[in-house]
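What TrEMBL records for A:1-23 is compositional bias 'Polar residues'. Per TrEMBL, region 'Disordered' is recorded for A:1-24. The annotation transmembrane segment is assigned in TrEMBL to A:34-52, A:72-95, A:107-126, A:132-151, A:163-186, A:192-213, A:220-243, A:278-295, A:325-344, A:350-369, A:376-396, A:402-421.
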Amino acid sequence: MSHTVTATDSRSETPRPQAQTPEQDVVRHWNTPIVFAVFTLVSLLLFTLNASGKSATFRISTPNDAVHIPDLVAPTVPVGWVITLLMAALTVWAFVSVSRGRNVAGWQAALFALLLVAGFLVWVVGSAQNTSVFLTGLIAGSFVLAVPLIFGSMAGVLSERAGVVNIAIEGQLLAGAFTAAVVSSITDSPWAGLLAAVVAGVLVSVLLAVFSIKYLVNQVIVGVVLNVLVAGLTSFLFSTVLAPNSSTLNSPSHFTSIRIPVLADIPIIGPILFDQTVLGYGMYLIVAALYIGLFHTKWGLRVRAVGEHPKAADTVGIKVLRTRYINVLLAGAIAGMGGAFFTLVSSSSFSKEMTAGQGFIALAAVIFGRWNPIGAFFAALLFGFATNLQYVLAILGTPVPSQFMAMLPYLVTVFAVAGLVGRSRGPAAAGTPYTKE
Amino acid sequence: MKLELRGITKRFGEFTANDSIDLVVESGEVHSLLGENGAGKSTLMNVLFGLYEPTEGQILVDDQPVAFSGPGEAMAAGIGMVHQHFMLIPVFTVAENVALGDEHTRAAGILDLESTRRKIREISDRYGFHVDPDAIVEDLPVGVQQRVEIIKALVRDAKVLILDEPTAVLTPQETDELLEIIRQLRDNGTAIVFISHKLREVKAISTRISVLRRGRLVGTADPSAEQSELAALMVGRDVVLNRQKSAPKVGEETFVVRDLTVLSPTGQRIVDHVSFGIRQGEILAVAGVQGNGQTELTEAIMGLHKASGSIRLDGQELLGRTTRQIIRAGVGYVPEDRSTDGLVGSFSVAENMVLNRFDQAPAGNAVQLSPSAIREFAAQRVETFDVRTQGVDVPVSTLSGGNQQKVVMARELVDGLSLFIASQPTRGVDVGSIEFLHDRIVQERDAGTPVLIVSTELDEVLELADRIAVMYHGKIMGIVPGDTSRDELGLMMAGIQHEVQHDQHTVTQEGTRA
């Protein structure tokens, strides 16, 4: 040790050394408090001053449930005031935090969002013609809508972590839904349908992989083109082949729910966790496997390295292109399963462009979830909830025009991705093809 | 272990990057590979490391011929490489970076980083690296990142360590530390290939020196050889090192920067209350390690960055003006990276010559260009600046680095400048062109223009500067005379504030250098 780090030693001999530390000017991000203030105002004007005066009832249990939980009754005016005041308090807190140079903590934002959602629910249900809503059904329904989003976002996470932007999720979902419907109808086996959906998703991925990895075509453009291709192809085949023979080609046999006794009776979470089809359970497995795989295994370390700095990965002997191919194909398989959920679980048969932009919302969930499987899972749940809320409220008959309600999931997407995430950073090399010079 | 290259030739299409090169390195030896930019040093090492396949020739390890299909195999054979641009993943921890590609796992492929951490601590202690295995790489200073690269090689039991231009990003003090580390490795029996174009370092560390020029091995030299001898071998003709320029005839201070501050998007002060002035007929050189705010300083002056403070030229405030207005105020600007900011590669030499005045006579007006006048103007500039090109109509990207830089200089160094700024004026340029470009810069100074040079090469700073400002973490550590010693500059580059009154001998560290 005696003859190491010469300069450090000599530096300390220098008379009065003044080591300079990098200085940081606090950049105050006022966006969050301002967004808080706007929503507090909205809450004041709508949830409080414009409240119906009735009570909103949230039913949790049905009369024949084993465990009976009493209904949640929320009088709109007092609840509106309490929520508005809490939001105002959080807003003031946020302004004070930022002016003191601190950022608004994540849990504060989460709490604010929760209050906003609660306030909105109480207000909107209270103003509806039917002021009673089945909360457990609302959540279970959200979940059903979220399943394909979750599959899609897992496909996005996996592909982007390896450095290939996957805009083709939409196409992979749609291809999966179509083939699952046809194969399941012909063979009368949902398992065969699922397998076919996986193959279809992989086929879309093969195109994405070959064009973006081998031929270095812009990944976003390939993805968009693939979406249009799949939409066109399935629509054409639907009109010319499926529609005339719908009883033989478009009446898939479905997966049925596997109910786990007792556990499925737990209020609210029971039906979500313990009364699912094979695809629902499989989804949980995939989320968990991807999370552990990406962050705690040798395989994941290599995948992330390839997505961050492929050249560095190459210099330690990792096969960059092979890693990318495998991940993009695997992503296609996962998205294909998500597509199968449409025709083997949630809908009775295939219909034209039935994925309706879900692939793009899944992409938003990837970003909102910060390229982390768990984060993307919850983001997808949020988007599913927004979509289902729109359906439920349309049935209840709310004062909000249905067109506005239909915009809800997309508004949530825009705010979530643009506003709340802010400075989230994806894999550095995602979207950049790797070539050795 | 003995590593031998026998008759290695590497061609890229028509171009021969390496021409039948023979090289031997044995354990306990530091074999330096000296050559200019583009001489083929890095290509040769990439061949050795399995990144390129040689067109002809053989690699022998302990007299056994080997063929590497990729870096993985080269590493398995005991060859490690520290790349010029670090091959580290910025968002990973040190341990993750070291483990990558050579991971220890428990059941089911679950990562076991603990054994990697232990190895890092072991090596770190043995060589005094002071590296924390759990630090995120992007938070570490470059000097430490480089040690992580060395650890990466050592963990893989490298018997031969290739260092490609390892000192390019280091301060003089960090360079001394690195040379000390190399000596320790050598004494422990590691064979080292040290690639550089810096004569002083090569002389200080080598046991053998091989000189590459235009892809060929042109000779070997003893470390005791004179610098001028090595330079002549490297360049192929006699080179005047340390030319003397005349004393500056300074005039009024026409360019004054006060309290200039540039913030990064995250609020870091990239340029931190910088103040200086340049007089007419004087060269102020800004020295510092890459990434200490020099680039942003020049870009802020050119109106390419939002900044606060004041920038006055001939009494007029430049801050807040557009870049076009600043150019019109008589500022010539050579950006740091000619290929991305200085030139449009697919445009012809002539078009590139008028990028800053295409809408002014004679090149054109607000509506149209006049191609013949542009060609004529360009031909005349090509002549004055001795640009070696087949004509003014060829794409500028077909020119060599030195000639491209001459095109940028020829465009910016027009008559009647009131300020000339050049960032890294000779980066990646051959020695012949460096001499020429330096002469032009000094000529501009002698014509009475205030000149601002930014350079990370201390040699260049010392050759050109009348006064030297050293930047560290966005601050100016001090403005000192042009003949200040390297060691003192080195300390300032490492963030130690210059103190006017202190005795210079106390900071001179010849004694601690080997």
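A Cβ is built for glycine as well, from the same backbone N, Cα and C atoms used for every other residue.
Since this is a predicted model, take the numbers as computed values, not measurements.
It is A:376-396 that, among the stretches A:163-186, A:278-295, A:350-369, A:376-396, forms the most Cβ pairs under 8 Å with the transmembrane segment (A:132-151). Sequence-distant contacts of the transmembrane segment (A:278-295) (same chain, six or more residues past either end, CB-CB distance under 8 Å): 147, 150-151, 154, 157-158, 161, 194, 255, 257-258, 303-304, 334, 337, 340-341, 344-345, 372-374, 377. Between the transmembrane segment (A:34-52) and the transmembrane segment (A:107-126), three or more CB pairs separated by 6 or more residues in sequence fall under 8 Å, so the two stretches touch. Taking residue pairs at least 6 apart in sequence, the transmembrane segment (A:107-126) and the transmembrane segment (A:220-243) share fewer than three C-beta contacts under 8 angstroms. Sequence-distant contacts of the transmembrane segment (A:350-369) (same chain, six or more residues past either end, CB-CB distance under 8 Å): 148-153, 155-157, 160, 166-174, 177-178, 181-182, 227, 231, 234-235, 238-239, 242, 250, 252, 335, 338-339, 342-343, 375-380, 382-383, 409-410, 413, 416-417, 420-421, 424, 426.
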